[in-house]
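Here is what TrEMBL records for this protein:
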type	residues	note
DOMAIN	8-209	domain 'Galactose-1-phosphate uridyl transferase N-terminal'
BINDING	28-31, Ala62, 78-79, Asn186, 192-194, Gln201, 347-348, 352-353, Gln359	UDP-alpha-D-glucose binding site
BINDING	Cys53, Cys56, His122, His197	Zn(2+) binding site
ACT_SITE	His199	active site, tele-UMP-histidine intermediate
BINDING	Glu215, His315, His332, His334	Fe cation binding site
DOMAIN	216-373	domain 'Galactose-1-phosphate uridyl transferase C-terminal'
Amino acid sequence: MPEKILDDISHRRYNPLRGTWLLVSPHRTKRPWQGQQEVSPSKNTLPEYDPSCYLCPGNKRAQGDINPDYKTPFVFVNDYSAVKEEQAEYKQEGEPKDLSSLLLRADAVTGKCYVLTFSPSHNVTLADLSPAEILPVVHTWTQIYSAHLSPKSPLSAISVPKTVTRAGNAISAPNAQYKWMQIFENKGAAMGCSNPHPHGQIWTTTGLPEEPTLELEQLMKYRHEHGGKSLLTDYAKLEMEKVERIVFQNTSFLVVCPWWATWPFEVMVISKEHKRALVDLNEAEKLDFAEAIAEVTRRYDNLFETSFPYSSGIHQAPLEGTDEEIEASHFHMHFYPPLLRSATVKKFLVGYELMAEPQRDITPEQAAARLRDCGGELYRRYLV
Ligand SMILES: [Zn+2]
Ligand SMILES: [Zn+2]
């Protein structure tokens, strides 16, 4: 604990991956807390198959399609996609110096959205699955990513076949070349997820969205200023020396509560070596990645003995980009969970966070220590 004083004083921490700051107020964890409610460990009362679930095998979806009787992760185009492949043309009119062109800007976005179920069982989550059971999900993510890569990308040459065939449905290459693929999961009602069936989403778009743009700029800047090195390789090395923010690690991946974490139990899964994207991972590394996901999600559930809500997502190389953008990309995954003190006490990003900058009370070092202690069997296996 070299900077021990930071456990007691308010300070700001820099997030080099986004180029932003956050306020840390560790002394506030000592204030009396009156709203806390301890609830008994939550059991899993869901059925393995729910006839009314639009994701369960053999069931009918909103637009009338019937899911196959799938046994491995199942992918389909979202029935309510946020972006579509086809839409009316739009081009901003007016001279570049017009006030409207300056202040009322818009860009058309096309793309394709998929839903991916992690398991045919309605009543499991990633926390219930073993690394070997999560591996097919990693394979499917890799195949979908490959199927959308630009032929011009240096990653295209090393990627797997271009067509994803799973459970009788094929994900064909898209109509147009999209730039970004966002793989993510919203888990739990607290994160606005309406269906407990284990699933994630994959959105591809013509433009590069805000978060990846911020990170890519920072990664490229670091690479440029540090002789071609990756910011996240250097960061992973530093965290392995410091130890105190490590939650878990295996040969290929490091799981940390980052120095700059905003959410109380925010976690980052970082490839120790420089990997640009899923297609850079060999089989052993994919299994290590699956293990890292299993470790994070199980520890989360064990922490407050509840099915822990979170949003998670993968950041990797854009589908199409300059050589510099692709080389600077560093494969990693974020987990942003909203829970603070118990299964029912959430952190809200409000007030100061919305108006000034993010703020946290418990330090990432304290959070990492809690999560390190939550390993072992999933708590609900012991419940009767
Ligand atoms: Zn279901
Ligand atoms: Zn990221």
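Here the Cβ of each residue, glycine as well, is placed from N, Cα and C on the backbone.
Where TrEMBL records a feature, it is marked here on the structure.
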{"residue": "Arg28", "record": "UDP-alpha-D-glucose binding site", "CB count, 10 Å": "12"}
{"residue": "Cys53", "record": "Zn(2+) binding site", "CB count, 10 Å": "17"}
{"residue": "His122", "record": "Zn(2+) binding site", "CB count, 10 Å": "21"}
{"residue": "His197", "record": "Zn(2+) binding site", "CB count, 10 Å": "23"}
{"residue": "His199", "record": "active site, tele-UMP-histidine intermediate", "CB count, 10 Å": "20"}
{"residue": "His315", "record": "Fe cation binding site", "CB count, 10 Å": "23"}
{"residue": "His332", "record": "Fe cation binding site", "CB count, 10 Å": "22"}
{"residue": "His334", "record": "Fe cation binding site", "CB count, 10 Å": "21"}
{"residue": "Lys347", "record": "UDP-alpha-D-glucose binding site", "CB count, 10 Å": "19"}
{"residue": "Glu353", "record": "UDP-alpha-D-glucose binding site", "CB count, 10 Å": "16"}
> Using Cα coordinates, what distance in whole Å links Cys56 (Zn(2+) binding site) and His199 (active site, tele-UMP-histidine intermediate)?
Replying inline: 11
> Among all the protein chains here, how many other CB atoms are within 10 A of the CB of Cys193 (UDP-alpha-D-glucose binding site)?
Replying inline: 16
> For Glu215 (Fe cation binding site), which of the binding-site residues Cys53, His122, Cys193, Glu353 has the nearest Cα in space?
Replying inline: Glu353
> Reduced to three states, what secondary structure does DSSP give Glu353 (UDP-alpha-D-glucose binding site)?
Replying inline: helix
>> Check the DSSP secondary structure of Glu215 (Fe cation binding site), expressed as helix, strand or coil.
In response: helix
>> Return the average pLDDT for the domain 'Galactose-1-phosphate uridyl transferase N-terminal' (8-209) as a whole number.
In response: 88
> Long-range same-chain neighbours of Asp79 (UDP-alpha-D-glucose binding site), Cβ under 8 Å, sequence gap at least 6?
Replying inline: Arg61, Ala62, Gln63, Asp65
